[in-house]
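Working notes for the structure below.
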């Protein structure tokens, strides 16, 4: 069949063995063990497939294993031990498993088939169940000839299968043996064992191993001595005979046989015998199995041919074996221990050695033909009055081999004793009849017992069955007198019994129990005894034999018996005859034929000699070989053993049904011949009846032969269709017969089942045009009968409806789709007829979809009809629904129509239903889905198992198990996942099966809450999830507390579903959770449900129980039957968690459900309330009702009393509804009824007006308004027009009262609104709209709205879209209605996407809109055209022109911006943003770049390997890098050529593309810079900053001026030193100044240090010598080359703007004339200290030039004003402004106490630099020396004169003046806002331009021995790679200059310039020559 189910349960220790085989001629199913794994092999005829169990599961572990194997069509699934699942899929098309050769369990029994080559040997182990297709093959081990054979199988599971090598082996029969693997040794071999012989001291074989060409090695016992023999089977052999006599003296004899290359040694005990081997014996190679203890039949034949003494004829009796009887142990082969675990075959052996007794063979019999009885067995005698048995039986105890009397205590009648006097019977009349004899003993009746109580002294009678009635009975009186005794046979069985019945021989009326045929069983217990064997005669001590005959007596220690010779008496008791089916066989037993004699059956032989054989069959005998062979005689023993059968052999047909068969036989009893008997055999003859033998072929080429055409049945004997066969005697002439696509020839056979299964078909050889007839002859036969000849007629009708169906099915992926083309499904017809397919059964796991060729709104999914044309156009597609299914199908019928004509004639419909099979290949498309998502709770710093209750995923793939999911984790911040059995083993990957088996343990440490990521994978998909962990203090909390419900006075069990605890502790055993009852129940008791809860008073209350008791259901609650209906108790857990458990008690009446008395609808007006009363709803026995609805106060439950009192209100709320309902469930607390639906009838507030658009039917549809008259009003432009009032009738169009006239527009729909009104009830309806459908008329001409032409590539296929060509027609909204008709294009053709090679000359607008229309270019590469017109089927406009422009493919450059790299960098990536090419083609092209001219100062490389070619992909992924190798150049270049390629397209190439490489200066250029005309401006670090370049090059950058400014020049600034003195102190100051009258030194180069020290200035003029400069600013710049150390040089340019002098000093407004400033940055660098804190006299903020200098009035900027300002500030001890060198005036000590605004410094940041400021840079104008000396001399003289006059006043008021001056200075400084970014001198604020010019007078070294000391803090690092700048030495010619800060705030000034080493300086360094203190 196509479905197979196999279930096997087994246990074994063997690694290999065959378990099951279903064998057919070609098909088979094999189940076997290979290397401890289970293997399934299956072949259904289309190829073999095999499947093995998992590697980790070993089945040879002596444990019970079960296997479930299911085969359903293509799918085969195997389940091992209910947990491990594997599957595979069978190939097609064969799906049935045919089993012709039978079923085999445990071995193949000599079956020879190719598929059985090299299979496992027979199974050795225990098989408990073998169920094949619901048939239990092990239900009976009784063999049945021809149907079942049993070989070496026994009931039970032998202990030898679980034996070990240490266990001894006992051989107890003459055919006992075991086989071990072959004894193989290349050079030598050793066999060792210990031997224990039996007491019988018989000869036998101990060891035998055969070799090649008849060679052998043997050890045997002969006459009590061991003999070892080595021979070659050709007469040459060597014997070693031991002189040690082995006999049963309770001694184990060690034996060793040593085979050497040239000799052999035998050692028995201490005796050693040696012998030399001849050359013929030295080459023996042992190949066969190693036999121990005996031989099988084949090996025994080899031993006999070899002449071994224990196996030769006469050595043993005929039919007996040659086995050694005794025990073996300590078996070793080649020093390796072996034994029963390695045995392949065992027979008649036991485990262990029983050295006390010999084994006795016991024969048992069972009584037959029992009458119908009730059975009573022995039981203990009790006083139970309910015991219905009137007999009290007590077991009899007997010693093994002994006897015992049956006494009245063993069989008692009545409760005490039967009152025989009342019954009027004597005890001798109460009789016991033996119905079943004891098996292991006899019952005897001693008529005259010996006074001493010993049996056998008086007259005895054996009580037997089958004798006369008096010999089968004994009386109650015999029982009282001790005459009945049981004699045991001496067997080793410990139990026996006999069956008896009781009757009375009295004719008086007896009690009923004495009249019944009740059968009683009396049990006998036998105590074993270790005694010597005793002769057990069949009849006790009476030995009977026939007169003048002999009878053999066995050996015995003592024989005290009576021998009696009796004459032979016999009678024929059975000759019933036999019934058998024709061709069948039936067993003949003693039930059918038997002779009874007056002696024991063993004393005489009963023989049947057949004198007349049966006519229609033969008699057969079952031989020991298992074969049935013909026989002419048999014995009654063979009948008893069921070894004789009758086999029906007649294969013909009988015309009469009453013909019987018989045989005659002559009966011989011993030497006496008896009469001849006739044994009748009734044969049920097989009769065949052909019911149908005709076939009609209607115009088709092939027709299936069905049971409607050819059918045969059997009579007499019912045969299955598979047993009814047809044999072709002739073949048809005009066609051929096929069986499963194989041609049938003469004498071919097929069965009726083949016809039923649709495997037979008739196919015409040629297409016929005329009606004709064909025929063939056949014969019906079965396995046992043949019929006469029959004819089969075939009427052939030649019609045009001959069809041929192609149906091959398809295969698709899961969730995929596939087009059904004509290769897999098609119907071929004559005359090109129209074929329609009608789907009768749709696919279950998908749908059939039609692919639309238009954008119509018709639904084409899940279609049920399609045509051949749809298949040709490939428009039919199967779409799978993505379900986890492997197969699908749909059934269809075929309808064939004549061309241009539809008919429904029956002959045009193919009524055969076809099945289209669909194979689905599963894919792993389902991602794991989390189904358990909760927080994992764990004790803080504790541990807890992670199980499936915490996290679980599901995978919906049908061929994937959830336990296979793999979890992978990374780091866990709050603990660790470890193996539960080994916490030191961390788990980074585990499976869901590990979670199920509780192997994953979480150990907490760290934070209390967190989460970690888990990745879950099914092998293909990965999903991530978060497992949240919550660590808290240890706690227990209630998980379930549902309470319990118990019947009053009843008992109920509590489980974990009622009460359970959840904890975050690691509780692995529910036994650890303990509950203590601190408040017991008041009306019941808690107890354990172990029998102690029968009553409340008898129950033992418990006070402590565990969670395990709840899980196991051991805890119970018993109610005390009180009237309280509620109870409860309280428990507490280990951590004092108090839990109250409620107990609800119900009565018996609560078990009956409530009854619904009334349920009537409730009527309510819309929006109103209504009371629900008892008249609406009434339920009796109702305690509570749950309601789903609305009440005045919404409620979910109420009682019947609430209804009775009218307290339940229904409030209607929702508008527009005419009905409502409430679902109720009525319950009394225990049982419930429902759902009960209470209907609510709502009277609408508005009239429910309905309009039917089809017939313009207007009506008010509601039963509340039936019979009323309504006024209908029409609304038009919001004005109601009263038309007509109708009474009870509808407004209908057919009355022609109202007409609708369309206005002729193109609208397809219209509508009007109507309102109904009823004045009597004052109700009206809502406006209702009636819709009108307008049938369109095609009166519009199609219009071409888009005709742009098409641009195509040479040789390309281009899609024509709506943007290229489009037409519209207002009358044709569907796009498929517009058709384009074209002329052939001049340079190609139009085609559809589905068939691009097929030329078309017409298409529809839908083809364009669905992107199906393509233009295929071919021919000339010049432009082309085609003409077209558009039609809608009615109108055809003129032709229009559509142009086709052909473009040639090319490649071009899109980017070539060159490369630039910053100074200090050696490589730059070449990306598509800088250099890229593209093609103008839409197809993908490969673009290749070739370096034609390599760079001179670098190289092009990929992965640091120089390349000459690279691809566009390399550019996209940034793989191409330019490396500069020559650092002396600032520019480089290379040339590249570009080419593109794609299959069949030539793009050309682009050559000579030069890529320039430039080096960008690593410098900040601040722009715009404003320079005043005619005034030198210092070039500071704020304008040009090369600090980063200095840092990376470790050198001072040099600026080489390549192009000076056009309107000025770069000059060098000189340093001057001047002094200021007063009466109090003397100060020295260094001032940089510039004299324009002197010849300035024009700079061609300068260093960055010069810039930092302010030695470089810019002098610009707007016009030569013109003091009135133009007002328009000029732009200027200079170009420089920047060099530094080994870094590449780079060009840079500084831009600045020249402004007139007056515009520089007229406030901020004049500085912003050019708008917002911008910054020009050559290179982005990290920003360093863009903001400096305020310095000066106090903690002032930054001071800028804009606020101090430029913001002042113009007259302050004059030189005189400078001097006056300086003189005003002179009395102060510190200057409030900053020096020009960048030093800042600070405060000394506590000179300044006025708090000033403080601006904190900005921290240094790394990364891309943000420009320090967006404000324009303000320059510092250098002061000029006075041109006239009198300007200096006269003021000085005047000052000296004033000083002399006022010196006295100064001295007096000095302190007062100083204090006032200091306060004024601080106040002035406080008004000045400092700024850090606007100074051009390295970000430091400069002094005001109002400071006076001072003549510097050199100081002698003696006059300035020391200078004021400024306390400085040592420099410290802000961050790695950043350092505070300290003083550094100037490398100018003038000596070492210092740049120093004046206070601690200097530490905030951080720059990225030179990293000078930190030097330790003294606080008062010594001045050198030409150095001054400033």
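The backbone N, Cα and C atoms fix where each Cβ goes, glycine too.
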Could you check which of 1788-1809, 1810-1831, 1832-1853, 1854-1875 is flagged in TrEMBL as transmembrane segment? 1832-1853
Region 'Disordered' per TrEMBL - which of 319-339, 340-360, 361-381: 361-381
Where does the mean pLDDT land for the domain 'Laminin G' (1-157)? 86
If you count every Cβ pair below 8 Å, which range out of 1035-1134, 1341-1433, 1450-1539 shares the most with the repeat 'CSPG' (801-895)? 1341-1433
Quick one: DSSP breakdown of the repeat 'CSPG' (801-895) into helix, strand and coil? 8 helix, 47 strand, 40 coil
DSSP helix, strand and coil counts for the repeat 'CSPG' (1450-1539)? 5 helix, 50 strand, 35 coil
